[in-house]
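Visitor: Quick paste from TrEMBL:
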type: DOMAIN; residues: 1-63; note: domain 'N-terminal Ras-GEF'
type: DOMAIN; residues: 107-210; note: domain 'Ras-GEF'
Amino acid sequence: AKLKSFAAKIIQLLKEWTETFPYDFQDEKSMKELKEIAHRITQCDEENGTVKKIISQMTQNLLMALSTRSQYQEIREKFRQPVTDKGTILKTKPQSTQKDILSVCCDPLILAQQLTYIELERVSNIYPEDLMQIVSHMDSLDNHKCRGDVTKTYNLEAYDNWFNCLSMLVATEICRVVKKKQRTRMVEFFIDVARECFNIGNFNSMMAII
């Protein structure tokens, strides 16, 4: 009875650990240790197999979380690759193919909603371990470089980059318009988008636009 009670507590610990800090189990050694512990726990409840089902579900969820993060990282690495000079690309394109944002989406609410979807997608990939890694490097004297020391997680950096990209997009869309009247219309449009972001509760996109 004591062994079963102890096993239940260990299962709860492992369940919370794998859900909150899945990246701790990304290497083979830690995953092997987890499987060994799981195997020993399942021997305590061989009669009804309840523990085995819980352990199996926990392992599946962990593998799915690691796979999702790995895919997300691969996509991010593709975007991190250097691109050719954007100014040259714009010059070589015919003027008719250079669409401004109003020709793609002229409704401030829809654009604000789309920006919010992107924000939520970025935020959903930030885990407690990302924050822990930053905190663990705060003891360094050169605090402003602490993020560069992080090798395991890049999700906070990706969130920062998105903020900068949105700011540059807004500035570019406004500055590329030649006529003052059209530029005024573009500024007013982004003010409306920022207002809609505020109404939704998307303050990060709102600040990037401002």
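Residue 1 is the first one shown; counting continues down the chain.
Cβ from N, Cα, C; glycine included.
Note that the structure is predicted; figures quoted are calculated from it, not measured.
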Visitor: Please average pLDDT over the domain 'N-terminal Ras-GEF' (1-63) for the predicted structure.
Guide: 83
Visitor: Would you mind splitting the domain 'Ras-GEF' (107-210) into helix, strand and coil residue counts from DSSP?
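Guide: Secondary-structure composition of the domain 'Ras-GEF' (107-210): 82 helix, 0 strand, 22 coil.
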Visitor: Pull the DSSP breakdown for the domain 'N-terminal Ras-GEF' (1-63) and write it out as helix, strand, coil residue counts.
Guide: 55 helix, 0 strand, 8 coil
